[in-house]
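Feature annotations, reproduced from TrEMBL:
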COMPBIAS  A:1-10  compositional bias 'Polar residues'
REGION    A:1-31  region 'Disordered'
TRANSMEM  A:42-60  transmembrane segment
TRANSMEM  A:72-93  transmembrane segment
TRANSMEM  A:123-144  transmembrane segment
TRANSMEM  A:191-214  transmembrane segment
TRANSMEM  A:245-268  transmembrane segment
TRANSMEM  A:299-319  transmembrane segment
Amino acid sequence: MTQPAPSAQHNGPDKGAVAAPSDTPPSKSGGGMPALGLRLDVRILSLLGVLAALVLVGGITEPDAFLDTGNLQLILTQASVIGVVTVGMTFVIISGGIDLSVGAMVALASVWATTLATQEYGFAGIAFTAVIVGLAAGLVNGVLIAYGNMVPFIATLAMLASARGLALQITDGKTQIVTVDSVLDLGLPDSYILGIPPLVIMFAVVVIVGWLILNRTTFGRRTVAVGGNAEAARLAGIDVRRQRLYLYLLSGLCCGIAAFMLIVLAGSGQNTNGNLYELDAIAAAIIGGTLLSGGRGTIVGSVLGVLIFTTITNIFALNNLQSDVQQIAKGAIIVAAVLVQSRTMRGRET
Amino acid sequence: MAPEPPLLTMSGITKLFPGVRALDGVDLEVQAGEVHCLLGQNGAGKSTLIKVLAGAHQPNDGEITWRGEKVQLKSPIAAMRLGIATIYQELDLVEGLSVAENVFLGHEPTSAGFIVRTGEGRAAAKALLARLGHPEIDPARHVGDLSAAQQQIVSMARALSHEVRLIVMDEPSAALDPDEVDNLFRIVEGLTADGVAVVYISHRLEEIRRIGDRVTVIKDGRTVAVGLPAADTPTRDIVAMMTGRDVAYVFPPRPDEPAAITGEPVLRVQGLSRKGEFAPVDLELRPGEIVGLAGLVGSGRSEILETIYGARKASTGTVTVAGKQLRPGSVRAAVAAGIGLAPEERKAQALLMTESVTRNVSVSSLSRFARIGWIDRGGERKAARSATRELQMRPDNPDAAVRTLSGGNQQKAVLARWLLRGCRVLLLDEPTRGVDVGARAELYAVIRRLADEGLAVLLVSSEVPEVLGLADRVLVLREGEVVHTAPAQELDEHRVLDLVMEGSPTP
């Protein structure tokens with residue numbers, strides 16, 4: 001045992017007062033920045049890997065049915081509706097919030113846009129109404145949360161209940177068949193552009209615009225700042241309330257667009273539309289790497305999350321497996337993704 | 001010297017994190033009944049070392065010997081069973097539970113193994129609190145209702161509720177007032193008299209001199225000195241060992257003549273008050289001037305800054321910047337008028353920890369780099385970098401996540417934010433809290449230079465020498481009232497402490 005005696009030993013080279021070691025490699029361009037989204041980090045690569053594996057499984061179990069062009073178009077179309085909702089949800093979650101009312105807003109917008117009165121105004125009437133109803137519902141959420149100081153969970157839960165109720169009141173539980181041909185045509189193979197359904201193109205546009213807003217604009221920056229540290233954002237001079245209001249408006253807008261897409265796809269409006277979309281959208285964002293506590297997330301990750309879920313559903317349906325098995329598989333994937341997520345987080349800790 | 005083996009010996013402790021060698025062969029040896037001080041800059045590995053000692057981290061290499069026997073600390077519970085307790089810097093109390101419930105969290109006195117005997121717990125907690133010199137804390141109160149200092153006491157009571165032989169205290173005095181620090185020292189002395197060893201971590205050398213027995217210095221994950229006598233090792237030597245270079249703890253010179261600070265006040269505060277926090281305050285700041293606010297924690301210092309900044313809404317009074325009166329309670333109005341705040345809690349109130357330096361610096365000036373919301377990222381990066389360069393941030397990596405920076409560099413990132421914004425009035429709340437001794441002198445020089453370039457600076461610090469050394473003019477606060485105003489040269493530490501303490505009940 002060493003006796004306690006004064007001694008000074010200088011070990012190693014003196015590097016001077018240097019900051020704690022950085023795990024971000026220095027880079028000349030902005031390419032290494034964390035929140036960029038496009039950066040092919042481990043998470044995005046692993047999601048791509050999962051998707052590739054699913055395609056492989058689909059290709060092996062049902063080679064003819066799965067890889068059929070029509071089936072692939074179907075997968076993408078189905079992914080488009082929930083995908084648009086997920087883009088809005090991703091913004092809200094990155095800001096540290098949550099929007100439980102997306103499914104109900106989709107339902108409300110889809111039935112309001114398909115009433116007989118609205119259909120008289122044709123294509124424009126349906127599209128306009130769907131978007132406006134979505135925005136209006138989002139506005140109510142935003143005002144309650146940003147200026148009424150309500151917890152997002154509660155405010156949007158209330159919206160979920162009342163929007164569903166209003167949708168039922170409008171339809172009286174009946175399916176509202178769409179008779180406007182120009183709307184229905186959008187869903188037909190004749191309108192496919194280079195084999196791509198118009199709905200998929202709409203989804204792609206929403207994704208690209210969403211990515212640009214998140215990564216290239218002040219709006220995106222402020223969203224991340226509010227979610228990462230709302231108090232710091234406020235003290236840095238950001239109008240946190242207004243930002244929150246805009247975010248729920250954005251989610252409502254996405255729901256309005258999704259409602260229109262659903263009308264095209266189903267050829268009708270129903271008060272049961274968008275059932276459990278909130279859970280699918282939250283799950284897709286989470287497995288895509290968006291932190292539920294806010295401050296971090298990517299549009300690309302969320303899109304991959306949506307594609308993974310939609311592909312699983314498709315493969316299970318092709319293999320005649322019941323939806324109960326699907327639900328279990330989805331649950332397992334969410335758990336696995338969050339476990340991976342918390343592992344990588346722990347690895348970063350010092 | 002002591003014939004029996006040391007209470008604790010840690011040798012060659014190595015801890016690797018992905019990409020980081022946090023500990024690279026640290027040695028530590030603690031005797032029963034001593035106060036052993038652990039010194040090192042932020043990032044030197046102190047926190048990692050005490051987490052290894054607490055069983056929260058598993059070392060990759062190295063040996064731990066406890067009372068002559070080799071042990072492995074596989075979990076916090078294992079460490080606690082041996083008698084090692086840790087009081088972390090960030091308090092780990094459950095605010096919604098009572099004092100007694102927090103003290104006995106995880107080992108509540110129970111009947112039949114699961115029915116909590118509330119009365120017994122409260123009585124035992126009461127006894128522990130009394131032993132710690134705070135019999136006035138009611139064990140039934142919610143911890144969330146207590147002051148930071150009282151919470152610290154509860155934390156300590158929790159540590160003592162186990163059978164302890166070694167207590168690790170990580171910056172226990174950071175949130176305490178001078179008289180509370182005295183109480184803390186009394187507690188430490190009582191513990192060591194009972195043969196308990198204390199591992200004491202602090203940035204404040206004067207505290208280490210007062211209560212420490214021996215000092216171990218670590219730097220870059222290695223032990224650079226063991227067993228130095230705490231009382232008489234020259235400060236210069238200690239600083240040199242911590243930083244690897246000779247840095248005097250110096251303040252930059254003031255402008256030659258105080259008369260150099262002239263011109264119209266850029267900030268004028270008139271009759272500003274907040275009910276229950278501070279009485280009406282008048283103050284004026286001229287360009288080039290540094291004004292210090294000295295006072296105890298709870299004297300209203302931070303509250304005054306935050307009210308000027310609009311983060312709190314004033315009950316009465318006005319804030320005027322360059323002749324324009326600000327809308328009360330609006331941070332945005334204050335920022336637009338050219339006020340910047342470097343708040344007390346940097347991590348919680350100023351920084352986006354996972355974001356890059358560039359993004360943290362540009363966050364208050366985004367619209368300057370944006371056309372219809374579209375950010376010119378090249379321009380943003382360049383401007384942010386020139387601001388951090390002007391403040392001599394090292395290493396100069398604009399893409400590094402702010403959480404990987406040292407305290408001094410994090411503070412520079414906050415200052416760079418306001419420099420980039422082009423502010424005229426800078427409000428600094430505890431600008432060197434959590435900043436290493438070596439980096440402080442540099443920060444002082446930066447602050448003085450900003451003032452020389454025409455900024456008006458309002459400084460709050462609980463370290464009186466810092467206020468006296470850096471400010472031109474000092475306002476002394478006591479219980480929300482300005483009790484004295486004088487040029488800094490006319491004051492000394494004792495005078496300020498007298499003014500600050502005067503009238504307050506002596507313990």
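Positions of Cβ are set from backbone N, Cα and C atoms, glycine also.
In TrEMBL, annotation is done automatically, which means it is predicted and not curated.
Sequence-distant contacts of the transmembrane segment (A:123-144), counting only residues of its own chain at least 6 positions beyond either end whose CB sits under 8 Å from a CB of the stretch, comprise 99, 101, 105-106, 108-110, 112-114, 150, 152, 155-156, 158-159, 163, 178, 180, 182-183, 244-260, 263. Here the listed stretches are A:42-60, A:191-214, A:245-268, A:299-319, and the one with the most C-beta pairs under 8 angstroms to the transmembrane segment (A:72-93) is A:191-214.
Same-chain residues lying 6 or more positions outside the transmembrane segment (A:191-214) and placing a CB less than 8 Å from one of its CB atoms are 37-38, 69, 73, 76-77, 79-81, 83-84, 87, 90-91, 94, 185, 220, 223-224, 254, 257, 261, 264-265, 298-300, 303.
Long-range contacts of the transmembrane segment (A:299-319) within the same chain: residues 37-38, 43-44, 47-48, 50-51, 54-55, 57-58, 61-62, 65-66, 71, 74-75, 78-79, 82-83, 86-87, 89-90, 207, 210-211, 214, 280, 283-290, 325-326, 329-330, 333, each at least 6 residues beyond the stretch ends and with a Cβ under 8 Å from a Cβ of the stretch.
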